[in-house]
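Listed in TrEMBL for this protein:
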- 25-48: transmembrane segment (TRANSMEM)
- 41-288: domain 'G-protein coupled receptors family 1 profile' (DOMAIN)
- 60-78: transmembrane segment (TRANSMEM)
- 98-120: transmembrane segment (TRANSMEM)
- 140-164: transmembrane segment (TRANSMEM)
- 192-216: transmembrane segment (TRANSMEM)
- 237-261: transmembrane segment (TRANSMEM)
Amino acid sequence: MAWRNHSIITEFILTGLSDDPHIQALLFVLFLGIYLLTMMGNLMLLLVIRTDSRLHTPMYFFLSNLSFLDLCFSSVTVPKLLKDLLSEKKTISVEGCLAQVFFVFLTAGTEAFLLSAMAYDRYAAICHPLLYGQVMSSQLCVRLVLASWGLASLNSVIIVLLAINLDFCEAQTIHHYTCELPSLFPLSCSDISINIDILICSTLLHGLGTFLPIFFSYARIVSTILRITSTSGRSKAFSTCSSHLIAVILFFGSGLIRYLMPTSGSSLDLLSSLQYSAVTPLLNPLIYSLKNVEVKAAVRRTVEKYLHYFR
């Protein structure tokens, strides 16, 4: 690859979350628990949606894809974090670092597009209930998911190309627990002004391109809900999209803070990254399970089915 010819750095050193061995041990237990619960929660949601025919609708098709994405997203960063919490020397190769950057942008970017598609689905369900089956056809749902992966892949390739041609001469300590471009750029001895501008433009275009459809969908949803005369009708309509709205706030809030705020190496950088890469994938299945009556009922039916099978 091109960067091999002019980069004398072969690996980076990650500072991680703490230098204290006792705190590292506690953090290992904490994030191991978070990772296992993330795996269990999202796999359970995938199993329930797949096995329960009552959940074979566009809303739950998108939700199953969101659960799969959360499995992938969490697995990009958390296993490496767990390994480093047990290691004295926290290093990552340049190749591994760029690969991590690529997959972070791929999974996070796909999730942003998918949340946008899910907002459109809620708009169609609430604002055009009689035409919902025609509007949200199975073909359209599959195309929206494929388009989410395709657009995120294109954006990820562009982002990684920003880093491949950078020179890394002396500084090799990344003040973070994972490889992210905002933490990687300050280590370069190349002129990174254009790279930063492209990253900001890409983040804004990606963020606005996915957030604006969500905003306009919810503007129409709120307008429709306010026209409903009965209180129970309003409550039922709002409950169908409240879980998605919480997921959007958690994901976009922490992601935009991380990539639009100047990198300072502070605890805010770490917390915002941990929020969208470790905590949000854990919370999503809980949000959709605890706030959704259909999912809770499906979980009970699935558990009873398998308990009966093993008796």
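Every residue gets a Cβ built from N, Cα and C, even glycine.
When each of 98-120, 140-164, 192-216 is checked for Cβ pairs under 8 Å to the transmembrane segment (60-78), 98-120 comes out on top. Long-range contacts of the transmembrane segment (140-164) within its own chain (CB-CB distance under 8 A, at least 6 residues past either end) are made by residues 1-3, 58, 61-62, 65, 98, 101-103, 105-110, 112-114, 117, 120-121, 181, 184, 195, 198-199, 202, 206.
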